[in-house]
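Per TrEMBL, the features are:
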{"type": "ACT_SITE", "residues": "Ser62", "note": "active site, schiff-base intermediate with substrate"}
{"type": "ACT_SITE", "residues": "His67", "note": "active site, proton acceptor"}
{"type": "ACT_SITE", "residues": "Cys82", "note": "active site, proton donor"}
{"type": "MOD_RES", "residues": "Ser62", "note": "pyruvic acid (Ser)"}
Amino acid sequence: MNQAGTHLIADLYGCRGLDDMALIEDTLRAAVRAIGATLIGLHLHPFGEGQGITGVAMLAESHMTIHSWPETGYAAIDIFVCGLGHDLDRGITLIADALRADRQVLTRIQRGA
């Protein structure tokens, strides 16, 4: 079997704006464009005033997700895309910059390899 795709997992620390629905939505949409993916749908769920947001962008190529904890400044990001030719690092950089992350830890998995 050829590689099914790349899964990039990012732990972002020291983030700001993690309870801002408009910021999270705009950031996910921009990140999808940045990696050259096709957005099928986007759903965000806020957990209340000052609390986190969970969001999923369904892509023709797979998905992008965010789970945020504003109380600790932490965001968990997953980007999984099938096939080649997508710049996942560009997407993570865009998200980290938009959330003003102080630090990031990245894990890259080659799925189906």
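Heads up, the Cβ atoms here are built off N, Cα and C, so glycines get one too.
If you take the Cα of Cys82 (active site, proton donor) and the Cα of the residue listed as 'active site, proton acceptor', they are about 22 angstrom apart, rounded to a whole number. The DSSP secondary structure for Cys82 (active site, proton donor) is strand. A strand conformation is recorded for the residue listed as 'active site, proton acceptor' in the three-state DSSP classification. The number of other CB atoms found within 10 A of the CB of the residue listed as 'active site, proton acceptor', across every protein chain shown, is 16. In this view, Cys82 (active site, proton donor) is surrounded by 16 other Cβ atoms within 10 Å of its Cβ, with every protein chain counted.
Counting Cβ atoms from all protein chains shown, Ser62 (active site, schiff-base intermediate with substrate) has 20 others lying within 10 Å of its own Cβ.
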